[in-house]
Amino acid sequence: MDYFPVFLNIKQRNCLIVGGGSVAARKAKLLLRAGAHIHVVSPTINAEFTGLLQQFSSISHNAETFRPDHLQGRVLVIAATHDRATNQAVSVAARKAGIPVNVVDNPDLCTFIMPSILDRSPIIVAVSSGGGSPVLARLLRARLEALIPAAYGRLATYAAQFRGQVRQHFSRQENRRFFWEKMLQGPFAEMVFAGKDQAAQDYLLETLNNSVDQPPIGEVYLVGAGPGDPDLLTFRAMRLMQQADVVIYDRLVAPAILDMVRQDADRIYAGKERNRHTLPQTSINNLLIKLAQEGKRVLRLKGGDPFIFGRGGEEIETLSQHQIPFQVVPGITAASGVASYAGIPLTHRDYAHSCVFVTGHLKDNTVQLDWSALARPNQTIVVYMGLLGVSELCRQLIAHGLPKTTPAAIIQQGTTPNQCVLTGTLATLPTIIQENPLKPPTLIIVGEVVKLRQRLAWFNSTSESLGNTPGYSKHP
């Protein structure tokens, strides 16, 4: 983040606006809505400012040019003049005095910037582009206007009104949170939105009085995070990610996806890197049981799909043995997502009538697979976790009958801006990888369908920096 978002309490506090035009007037209106006392410094003011002075006793005007002593006693400063020298003087003086300052349309002179605001008081939504594109921030706010009805303000007011009663009824924080999640996403909220305020209050109180303050029942959410692009998450995955109390995640979960988990959820890194598991599988299973028995909603977040080389079956088998409630949310597996973003269809009527998923993990320095079954014509082979064993993989496929010229590709960090695709053949792929070191996660695709990439590639990543090497081609 270039800026840290905060909300300031400026009620009945002295703020300074330097400038008397329409932009300064708009800023004054925002500060007035927040309850500030505003002092305006400008030789002249427009009619809009004159109206504000007549309407509000909390705004005053000094018809002078700016001087540093105007900052005395101010907690916030906004400069909105057409004179660069004046704006810079305000910025320099405010910084020297340690007072937050905003210079309109000049981020370099600001110590804070003004977001685009959606006001559903007491709910406030602020959208900022970091000063890079105020127009984009306003467009995003316009979208939020349609998504967040004005009645959300009343909903928040009721939540504040009954907060004390709910706190008194439930001794456990988890129970209070569960209660409010139920209220704010169910019939109570719908009644408020429909204007049935009395019915909403009656429903809330009845539900509260009938609720028992018992230890909550824990649950585990086994969620597939997909191959990396956050846009590929399912709606169900998003919902469960937002209500989890704790998340246990693997190395292959993209940081952008982890950022979408509820912010105050505890985070536990499980590792799952080759030969370096931060938590062994048995420890993960035991931890899931322990946390769920404590009444927590546990998000077990796995890259791709939890049931495809993800050991998800082992985890829920353990949960079932201990009678722990669980849900499973499938994710887009890497074979499907990465191949699509690489422009490689896994099946095609002219090239491949079947597709096989295998794992390429080395065991005793060999890849133990049914090579005869893999080395069949008109078949696509997708190899997970095959980077270290790629030489053995290619050698065995050739030895069992696939031509050396069989097209092959390896994709690094597929579906993300860091995606990089290297294409070659079974004979050349190991050399290509040796000359262009890649970092996991990677996926290997072998078969005639790889040839289609030259025509079907559509996803343009931003990390295409490798040079051309004889014997292979690299595409974005």
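The backbone N, Cα and C atoms fix where each Cβ goes, glycine too.
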Identity of the S-adenosyl-L-methionine-site residue among Met238, Met241, Met385 (reference: Pro227, Gly303, Gly304, Asp305, Ile308, Thr333, Ala334, Gly414, source: Swiss-Prot):
Met385
Count of other CB atoms lying within 10 Å of the CB belonging to Ser22 (NAD(+) binding site):
12
Thr44 (NAD(+) binding site) versus recorded positions Ser129, Pro227, Gly304, Gly414 - nearest by Cα:
Ser129
Reduced to three states, what secondary structure does DSSP give Ser22 (NAD(+) binding site)?
helix
Please identify, among the recorded positions Ser22, Val23, Pro43, Ser129, Asp250, the one with the smallest Cα-Cα distance to Gly414 (S-adenosyl-L-methionine binding site).
Asp250
Between Asp250 (active site, proton acceptor) and Pro227 (S-adenosyl-L-methionine binding site), the C-alpha gap once rounded to whole angstrom:
12
Note down the number of other Cβ atoms within 10 Å of the Cβ of Ser129 (phosphoserine), including every protein chain shown.
17
Binding-site residues compared (Pro43, Pro227, Gly414) - the one with the fewest other Cβ atoms within 10 Å:
Pro43
